[in-house]
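A.B. asks: My questions all concern the structure below.
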Amino acid sequence: MPALVLLGAQWGDEGKGKATDLLGGSVDYVVRYQGGNNAGHTVVVGDQKYALHLLPSGILSPGCTPVIGNGVVVDPSVLLSELSGLNERGVDTSKLLLSGNAHIITPYNVTVDKVTERFLGKRKIGTTGRGIGPTYADKINRVGIRVQDLYDESILTQKVEAALDVKNQILTKLYNRRAIAVDQVVEELLGYADKLAPYVSDTVLVLNQALEEDKVVLFEGGQGTLLDIDHGTYPFVTSSNPTAGGACTGAGVGPTKISRVIGILKAYTTRVGAGPFPTELFDEDGEALRRIGGERGVTTGRDRRCGWFDAVIARYATRVNGLTDFFLTKLDVLTGWEQIPVCVAYEIDGKRVEELPYSQTDFHHAKPVYEMLPGWNEDISKAKTFADLPKNAQAYVKALEEMSGAPISAIGVGPGRDETIEINSFL
Ligand code: GDP
Ligand code: IMO
Ligand code: MG
């Protein structure tokens, strides 16, 4: 069994943390390959709840080595506080591996993120304000700071100087802010060097050697397919590639090594931040989904926008990721509706459209075409097998599977590890 990718099939917050943690006990490595602490992955183990932002969810499984790959952007202060928070709760984090090639979110990247959003006003993206976009922009602009730069003061100083040269002009002349001092940034970053040193390694080599030895490697995506910089609802996206291909570039592992790509799919839809969302609800049903589903952001505490399941999006996720399986989460949240609408196609300017339009304008005009599926009232949170589900819940799952284009191999009926119906084994 070589490598598996587990990723968000919608706009994030599908339950990737729970799904990763569930598999964590049976895999050797869990790897984050993109994004940063814009992610908020919740894992519930017994009566303990963990919110992970930068660390892979495998950190909670003792036999598993957690890895932060080269494609991730790392805020050192967030990483260190996440580690100490877990240590205080008795979690051993000593096995963590951090790529020396991962880029660092510097204090000025966070400032630029916040200032840019403010400047955009009504046109803002609604970012998490964690400096994600500006850090990836610096990476692509070739003025980024990498983890390995913390170990060469002279190179670090030169790079911070180069990065701040233009930024300080923009901050002072365009945004009317104070300039950021090079030495202050360098001093802060150098202060992290010794603390991070035990974790820094050549993660590409480690992972490829592990795969040679037939170890099982699980790639844990952040965000989701529709937030992908290339395949999402641009410009209302994040600045990385959560889609399956991102695992290859973000960890340095070839596509031939990946045998399975699991899309995490909520039984309805949510989105945080701005951007188009055809099935969004502004009525009592939307409120009910938010309340019953506990749909509040793990990272920023913002209310999530809620809507019905969108099969057009699920099909799109199957296509752009080459999904082999779905893990359907939060089916329990839908208990109690008499009928559940499911979006099967869009109507765009009077025409029925079956697939996600590539044009941003068309997508903004897309109106959902709903099919009504019968609901159920029985509590499903104790269901252990597919047969334990009420007939209408079974039919809902089967209908979603048919519309979405890949088998549903697991179903979440609650936040806990064991509140899962496993249909096909992932390993
Ligand atoms: P992630 O970002 O994809 O890891 O998802 P989040 O952790 O941001 O949001 C998912 C939320 O749903 C978390 O609070 C989970 O504990 C919870 N959750 C995950 N799976 C299920 C499920 O099957 N049922 C219910 N009721 N909650 C779930
Ligand atoms: P997880 O991994 C949901 C959204 C933000 C904003 C857009 C860009 O928990 O699913 P950014 O700070 O990345 O530049 O913001 O992306 N966003 C998320 N939405 N879940 C996430 O992560 C997200 N990470 C970023 O709300 O709309
Ligand atoms: Mg989340």
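Cβ coordinates are placed from backbone N, Cα and C, and glycine is handled just like the others.
In TrEMBL, annotation is done automatically, which means it is predicted and not curated.
Note that this is a predicted model, so its numbers are computed, not measured.
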A.B. asks: In TrEMBL, the IMP site includes Asp13, Glu14, Gly15, Lys16, Asn38, Ala39, Gly40, His41, Thr128, Arg142, Gln223, Arg302. Which of Thr111, Thr203, Thr238, Thr318 does it also list there?
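C.D. replies: Of Thr111, Thr203, Thr238, Thr318, Thr238 joins Asp13, Glu14, Gly15, Lys16, Asn38, Ala39, Gly40, His41, Thr128, Arg142, Gln223, Arg302 in the IMP site that TrEMBL records.
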A.B. asks: So if I take the binding-site residues (Asp13, Gly15, Thr128, Gln223, Thr299) and measure from each Cβ to the nearest atom of ligand 1, which come out below 6 Å?
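C.D. replies: Near the molecule: Asp13, Gly15.
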A.B. asks: List, in residue order, those binding-site residues out of Asp13, Lys18, Asn38, Gly40, Val298 with a Cβ under 6 Å from any atom belonging to ligand 3.
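C.D. replies: Among Asp13, Lys18, Asn38, Gly40, Val298, near ligand 3: Asp13, Gly40, Val298.
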A.B. asks: Quick one: of Asn38, His41, Thr128, Thr300, Gly301, which recorded positions lie within 10 angstroms of Lys18 (GTP binding site), measuring between C-alpha atoms? Sequence order, please.
C.D. replies: His41
A.B. asks: Going by DSSP, is Asp13 (IMP binding site) part of a helix, a strand, or coil?
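C.D. replies: Going by the DSSP assignment, Asp13 (IMP binding site) belongs to neither helix nor strand, so it counts as coil.
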